[in-house]
Amino acid sequence: MPKIFRSLYVQVLIAIVLGILVGFLFPSFGEGLKPLGDGFIKLIKMLIAPIIFATVVSGIAHMRDTKKVGRVGGKALIYFEVVTTFALVIGLVVANILKPGHGMNVNPATLDTSAISKYTQAAGEQSVADFLLHIIPNTLVSAFTEGDLLQVLLISVLFGFALTQLGTLGQKVLAGIEAVNSAVFVILGFVMRLAPIGAFGAMAFTIGKYGVGTLAQLAYLMVAFYATCLLFVFVVLGLIARFAGFSILKFIRFIKEELLLVLGTSSSESALPRLITKLEYAGANRSVVGLVVPAGYSFNLDGTSIYLTMATLFIAQATNTHLSLGQQLGILGVLLLTSKGAAGVTGSGFITLAATLSAVGHVPVAGLALILGIDRFMSEARALTNFVGNGVATLVIARSEKALDTNRLQRVLNGEVLPPATPEVAAEERGEGRGLDGPLPA
């Protein structure tokens, strides 16, 4: 086999193209390939809980200074809130300028709401108190068996703090956890070999079930959304990255394999373990990566934030529902809260949108039926934007903590293949971060 075809990047790219062709030419057959994509994502999700647990626990235990843990967590939450607010505002502004729903003149009473009933029902059941209580698992084990990211994160933080109080015994327990984590990453390497199959099945199903022709009527919204996500990544995140001392273009090239995996599966979670590995390899301190990345997957959903404001205004425009500036700002305020409630919920984007429309009362909830058919096609842009945003956030916060080896980062982003980063003790003596404990997987 030629060397180029051994690259995961090339294999996934070929799989995506083949999936599109199969779904287009043989729709029924393509729709039947859904288990391939679902199976691959389930294999990845099977590993996410133990990886996040070990990564967060290791990060907190290695910091030892509880004040530093609080400082990093505080910086992360402030960063997430500011950047996601920017994303919400950008979506609002673009939707007002482009008016993707203008001229559709849809009567909400004529829409079939049966397909969206499960989303509106879930939205009505999710209050703020329910969301906060949901973070607390019923048992220590249930968080892992259910794969709830927020619950795993809570247990991991508590466990990490507990180990810092156990002295020598805590170090022994930590060594065992890190050994298990190493084994999990070996399993991840096995699973990643199946990535092209998963991407092929997921893409064939998407095109086979929804088709390309059905997108024509709503194509303007999709194009506007994709363009807005690109604008956000290259302008907003690009400026943030430049301020932090690295190029967004080089960073995207560095994570290109992971981005293709996200594109093929429409799930940013599918590449979460590899993002952790690559950020450590690039010179970010393990303790910062372990705290920021899992938290970002729950609270730093830039792509989802853009989607929420654009979809809300699209429905209002399509149903001829006039929204004053005050009402739009009110929707923005509600979204600042409800967008955080999307964390760890299956179908989170649609449920959060339904919750927002129900809360504000100005926009007909029945309008959700307009975008249900194309929501699956917009999920790729949401997932890609969320993924890049979390990578940038981690590097920015690591640099602010002097936990980033900037020289190593530049060399890695310039395409150099480096050995594992220097040992942690030597890195801490220089005030720099530490990299990966092993070679970067292909």
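Placement of Cβ uses the backbone N, Cα and C atoms for every residue, glycine included.
What Swiss-Prot says about this protein:
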type: REGION; residues: 420-442; note: region 'Disordered'
type: TRANSMEM; residues: 10-30; note: transmembrane segment
type: TRANSMEM; residues: 40-60; note: transmembrane segment
type: TRANSMEM; residues: 77-97; note: transmembrane segment
type: TRANSMEM; residues: 149-169; note: transmembrane segment
type: TRANSMEM; residues: 185-205; note: transmembrane segment
type: TRANSMEM; residues: 221-241; note: transmembrane segment
type: TRANSMEM; residues: 288-308; note: transmembrane segment
type: TRANSMEM; residues: 354-374; note: transmembrane segment
Residues of the same chain, at least six outside the transmembrane segment (10-30), with any C-beta under 8 angstroms of its C-beta?
4, 195-197, 199-209, 211-212, 257, 260-261, 263-264
Restricting to CB pairs under 8 Å, which listed stretch, 77-97, 149-169, 185-205, 221-241, 354-374, is in contact most with the transmembrane segment (288-308)?
77-97
Tally Cβ pairs under 8 Å between the transmembrane segment (221-241) and each listed stretch (77-97, 149-169, 185-205, 354-374), then give the stretch with the top tally.
77-97
Take the transmembrane segment (185-205) and find every residue of the same chain, 6 or more past its ends, with a Cβ under 8 Å from one of its Cβ atoms.
8, 11-12, 14-16, 18-20, 22-23, 29-41, 43-44, 47, 51, 260-261, 263-266, 270, 273-274, 277, 441
